[in-house]
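This report concerns only the one structure given below.
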Amino acid sequence: MEELQPQINKKLKAEGSPEISKKSTDISVLSLGLIPEAERSPEINKKSLLTHYKWWLQMLLYSFFLLSGSSAATILGRLYYDNGGQSNWIATLVQVIGFPILIPFLFFTTADNGSRRRPLALAAFNIAIGVFLAVDCLLFSIGLRYLPIITYTLIGASQLGFNAVFSLFLNHQKFTPFIVNSLVLLTVSSTLLVFDPESGESGKASDRKYAVGFVCTVAASAGYAMMLSLTQLAFQKLIKKESARAVIEMTIYQSLVASIVITIALFAGGEWRRLGGEMDGYRKGKAGYVMNLVWTAVGWQVFGVGCVGLIFQVSALFANVIGMLGLPMGPVLAVVFLGDRLSGLKAVAMVVAMWGFVSYIYQHYLDDLEMKERGRNGDGVELPLVDDERGASA
C-alpha cells in the first residue's frame, strides 16, 4: 500500500489536512476510499468494522452520561432548595466538586505521550475555563432556585441557539434556513415564559425573583454554550490525539479550578457559618442533606464526562443537540416528583421548543446526506461519515 501514499497525501492536502507517514498508510487508504471494499483484506475490513462499532458505542455511552447526569442532578438540585437548602454557593459547589470520582479511571487509560502540542496553552485554557465555569454554575444555581423546573428547563433550551451563534464564529458552523428557524423557535419558546401567569407566587418580591432567575438562566445558558464552543476549539488546536484520558483530564482540571474558586467565595462571603444550621433544619434530615449533595455532585460529573466526550468525538453543537433530547425529561420528572404545574403557556412553549429542536435535527439529517454524496469518490466508493463530519466541524 505504500505506493498509494502520494495519492493519500495529495487528497489530504486538497482537503486542508496534514499529510501522513508510512506508518498510517494502511488505515488512511481504507478511510479515504482509495481501495474498493471488495479488494480490502479481511483484516482491514474487520478493523474498520470494529472501529465503526467502537465509535458508535462511545457515542451512545457519552449520550447516556449526558442525559442521565443532567436530569438527575437538576431534580436533586431543586429538591435541595425545596427541602430547606439556602446556600447558592453550596448548590454551585456540588456541580463541580465531584471530580475525584474520575481520578481512578486515569489508571485504566493509556498516557497520551506527545498528544499535546502546547501544554502551557492548554493549562492556561483549563484555568480560564475553570474560573468561568464557577461563575456559570452560580448563575445556573440562582436560576434553579427562583424558577420552577419546567420554566428552568425550557429557558435552558436557548443554549442550543447561543451555541449555534458561537459555533459560527469559533468553529465555522454554517447557518442554514433550518438552523435559523430553530434559533427563532427556541427564542420564542423562552420569551413566552416571561408572560406565564403561573410562574410563581404573586407579589412584587416573587416577580423580582422570577426576573432574576430568568436573566441568570439565560446568561448561564449563553455562557455554557460559549464554553462548549471554546472546548471544541481547544481540542482542535491544543489536543490532537483522540483518547478517553484527554476527556477525563480536561474534566478533572477544569472542575478542580472551579471548585477552588467556589470554595474561596463560600468562605470569603461568610456563608459557611450558616451551613450547620441549614443541615439541622433540612426537612429530610442530616442524612438526606448529605446524600442529596453527594448524588448531585456525582450526577453533574457524569454529565460533564458525557458532554466533553461528545465534543471531543464530534462537535460542541452536536453535544448541545444531544442535551436538548432531554428537554422533555425535566418537565415530566418535575410534574411527577416535585408537583410542578404544567400550565397551558408552558405546554405551548415546550411544543415550540421541540419544534425548534426537530428543525435542527432535520438540518443535521440533510448535512449527513450531503456528506454522504461528497464522500463518494470517482469509483463510487463511499467514505466514512465519521471522519467527514469531524473534519467538517474542524
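One is the number of the first residue shown, and numbering goes on along the chain from there.
Keep in mind that glycine also has a Cβ here, set from the backbone N, Cα and C atoms.
No curator has checked TrEMBL annotations; they are predicted automatically.
Residues or ranges marked as transmembrane segment in TrEMBL: 55-77 (among others).
Outside the transmembrane segment (89-108) by six or more residues, the chain places 73, 77, 80-81, 133-134, 137-138, 140-141, 144-145, 244-245, 248-249, 251-252, 254-256, 258-259, 262-263, 265-266, 269, 271, 275, 293, 296-298, 300-301, 305 with a CB less than 8 A from a CB of the stretch. Per TrEMBL, the feature transmembrane segment maps to 89-108 (among others).
If you look at the transmembrane segment (120-143), the same-chain residues 6 or more away from its ends with a CB under 8 A from one of its CBs are 77, 88-89, 91-92, 95-96, 152, 155, 212-214, 216-217, 219-220, 223-224, 227, 230-231, 234, 238-239, 250, 253-262, 265. As annotated by TrEMBL, transmembrane segment applies to 120-143 (among others).
Annotated transmembrane segment per TrEMBL: 149-171 (among others), in sequence order.
Taken from TrEMBL, the feature transmembrane segment applies to 178-195 (among others).
For 210-235 (among others), the entry in TrEMBL reads transmembrane segment.
Taken from TrEMBL, the feature transmembrane segment covers 247-269 (among others).
If you look up TrEMBL, you'll see 289-312 (among others) marked as transmembrane segment.
Annotation source TrEMBL lists transmembrane segment at 317-338 (among others).
The transmembrane segment feature in TrEMBL is assigned to 344-362 (among others).
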